[in-house]
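Working notes, beginning with the structure itself.
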Amino acid sequence: MQVNIRRWVKELKKQKDEPVCAYMHDLPSLESHIKSMASILPQKTRLFYAIKANPDPKILETLLPHVDGFEVASLGELQRVRHVSAEIPVLFGGPGKKEYELEQALQTGISYIHVESLLELQKLIHVATRMDIDTNILLRVNLHDHTLPVTNVTMAGKPSPFGMDEWNIEEALAILQDSENTHVHFQGFHFHSLSNNMHADRHMEMILLYMEKVEEWKQKFNVEVRVVNVGGGFGVSYDDKPSFDWERFTTLFKRSGMHHRLGKTKLFFEPGRYIVADCAYYAAEVIDLKPSMNQNFAILRGGTHHQRLPASWGHDHPFSIISIDDQQWKYDFERPGINNGSVTLVGELCSPKDRFHSEAKIKQLRVGDIVVFEKSGAYSWTISHHDFLGHPYPDFLYKEEGMKDEPSTVSLTSNER
Ligand SMILES: *Cc1c(COP(=O)(O)O)cnc(C)c1O
């Protein structure tokens, strides 16, 4: 953990009357991360951010100058992007697009719509013809290839609601080439087969497989392919294994001769998790600490209503403990604590699913200390059931460029949502 987060949490504790519960965003470190990713991006490739991982406006603003665009999958997400920029290129994907979504997408100006089924394609042509607006599309394909890597979240290579089967491509292209269609323009293919892949080498092999397929279809159907979107899915490790190695991946990519192979085709990446996972921390104060049978439980001011990722994946989420001085213990009765023991970290909800970490080994943990969950920037607040049980929302704090680390000068901005 970065030292400044520790200071920041201590400063926050001093300022708060109520127990600490906050999402703390480190925007300068997000900016340096995206800059370093973009700086080694291979030629002929483009980097988009899939905003469903975290659509926070300040995150979008921070990423805006460094990405080629955003990927959205609803009108709500589209609005969030248009709120920070009227011009930035947008990719619009997702299953089950409604007619009003297609209308809005055409009106707002989308760079590429990812078409997920034959019916959706027909609806889009219908809407675009009625509105007399042109649009570019990519066909999303679910590959039937058993050599695709398998991760804990896999969307392709097996029956799935995402995209169309390979053998529907011919019919899709026939629908597009019909003389009735003059508005919807085929530009290429979209694949997003898995999430949280840790292996740069396997990821590269998967992209080579995509390229083989695309080259085969180009020949077979005699179409020009201007864009291949290879999705996201670069993994972040929540235990001590290494995360996806972007530097290794881009090196492999450059060495593979892809530059020549692509010719006039552009290749898009649209990761979510890998861009934002590290930029936010979820801090929650210990409210109670008690033994039950042979286990210790620490109950925090927070829970899966704010940070559902560990419960969703069933993993133990990485955390650090920020010790708070005894001087800040305001009662005249004893402050409970555990030394050199094991503790299960749970939330404030009346649900056994509200758990962050089971039987963690700790040196010391006391009521009033603050547990900071790292890697809470992706699929955390945004996938949580905020109103279940009606507890107050966390504070949202942002460290921005130019703010100092010294506790006395750290300024905190908080916006209730
Ligand atoms: C969710 C999603 C992404 C981002 O996936 P990550 O695993 O967060 O990188 C990219 N593309 C599509 C179509 C998605 O649904």
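Each residue, glycine too, has its Cβ placed from N, Cα and C.
DSSP classifies Cys350 (active site, proton donor) as coil under the three-state reduction. Residues near Cys350 (active site, proton donor) in space but far in sequence (CB under 8 A, at least 6 apart, same chain), listed by position: Leu389. Annotated active site, proton donor per TrEMBL: Cys350, in sequence order.
What TrEMBL lists as domain 'Orn/DAP/Arg decarboxylase 2 N-terminal' is 29-277. The average pLDDT computed over the domain 'Orn/DAP/Arg decarboxylase 2 N-terminal' (29-277) stands at 95.
The annotation N6-(pyridoxal phosphate)lysine is assigned in TrEMBL to Lys52. Non-local contacts of Lys52 (N6-(pyridoxal phosphate)lysine) by the CB criterion (under 8 A, 6+ apart in sequence, same chain) comprise Val72, Ala73, Glu77, Gly272, Tyr379, Thr382.
Secondary structure at Lys52 (N6-(pyridoxal phosphate)lysine), as computed by DSSP, is helix.
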